[in-house]
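Input: a single structure, listed below in structure tokens.
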């Protein structure tokens, strides 16, 4: 009888698990079906528009920079309807190639009617704009690529969406993201993998990878991404775009699902920041100018009421620019260091003062501050978001490491620590040690101390900056685009961008050239720091990168977004002249 009861219980558990997984599969299938139906509706609407107005000069409209497009929309030589349907048509084409759109927003047609009723034309009047998956839009899902986020539509627009609408913009698409947003690749089990529009074998970056692919492919003129470790700057680097991560509190994040925080809310000393992505720096500046308005300051009183400072952005005064071509943590491929050196010379020739700058203690930032911020609990809360064990392949290495019991992690750390000293293969073993340990905070006191250590590091960094009397800093960004699958193998390669999230400094990326044949030849001789498996993985992730965009990162002190954009504009102008 006892054996029969045991067998019955085991069978019941198996059936229960099977039913749970079947329910999850149904939810995922329903989400994909809803997405596909939305695509069909938009395609039908575009076709109807084409039949009504067959003579639209599509290429001419798509080629207009944002500044010129807004001018034409304001003066009335272009209608918002023509521009919207032109971009809808192109977006359909781009998502067919790259799978970058998670959902079309059918209410864009209602917004088209509403902006005609506005008494004053906003700065973004008639501009179609795309937004990242987790930015709240009333009546739509904010999924973060997670199954448990599929059931509940967002009850109201996020503050950012409200402000965009007030400024006359027309949000028309929500773009794809990696599962849980914790990746700089772009793949999730619900909506699949997004491809790089320059090369389908390459990643578009993440977590704002859908935005990167859509804008780079020409299907959107400007979009809103978010970043907590490089999620605006890395897709911008991989896709050849300009992207700005502002100081975290400069733009409102109210009613935006931040890295599945609605599922597992927890405080973090490294906050998420929303920011614009576009094809040129002037577009970023216009977007920031539009967002930093009284509407945002009234809707979200936690945002400092600091309007965009056009005078700082438009200034032509010489800058004192700190620079470095490596942070000493991740060896960069030849093309990225070449980009820094060429730009340094061009800036110097243009009359700016360049000063060598060395960011302090990067290994400490990555190995202690970064990991302990995101895995203070050993990754347990993060594991909870993977309902039914549905994990994207790109995240499985990290998820499996988090599943190792604490005792197992300690044993691994003890084994690896002496090997670091014995064999000097520092980068590889340190990476393994970090992933194994997932530096945890073992008490509330230790958590508060960790927060304090971040503030201490910020103070130290700012003191070094001021000691050299710097205005801004020019430095590398991770790139060019990784081959698919490699971001999951190289989690800690994001030191170039993560540093400025830990510091909460505004930082932006601007493309300046492409990978040349000479860069490719030099990469064949690349040995990294130790010529070990870690370095060889770094080398192979960038193979066959000819023609891919090469970008640089520009940084300013907190609340000085305009100065950061000023340097980005200077770099962009010099690279275009070249």
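Each residue, glycine too, has its Cβ placed from N, Cα and C.
Note that the structure is a prediction, hence the values are computed from the model and not measured.
Of the given residue ranges 21-48, 49-76, TrEMBL assigns the label coiled coil to 21-48. Proximity of distant same-chain residues to the coiled coil (21-48), defined by a Cβ-Cβ separation under 8 Å and at least 6 residues beyond the stretch ends, is recorded for 85, 88-89, 92, 95, 101-104, 106, 109, 141, 143, 147, 150-151, 189-191, 387-390.
Once the Cα atoms of 181, 207, 228, 229, 230, 231, the listed binders of substrate, are compared pairwise, the greatest separation found is 11 Å. Cβ-based crowding with a 10 Å cutoff singles out 181 as the top-ranked of the binding-site residues 181, 228.
Other Cβ atoms within 10 Å of the Cβ of residue 231 (substrate binding site), summed over all protein chains shown, number 35. Over the coiled coil (21-48), the average per-residue pLDDT in this prediction is 95.
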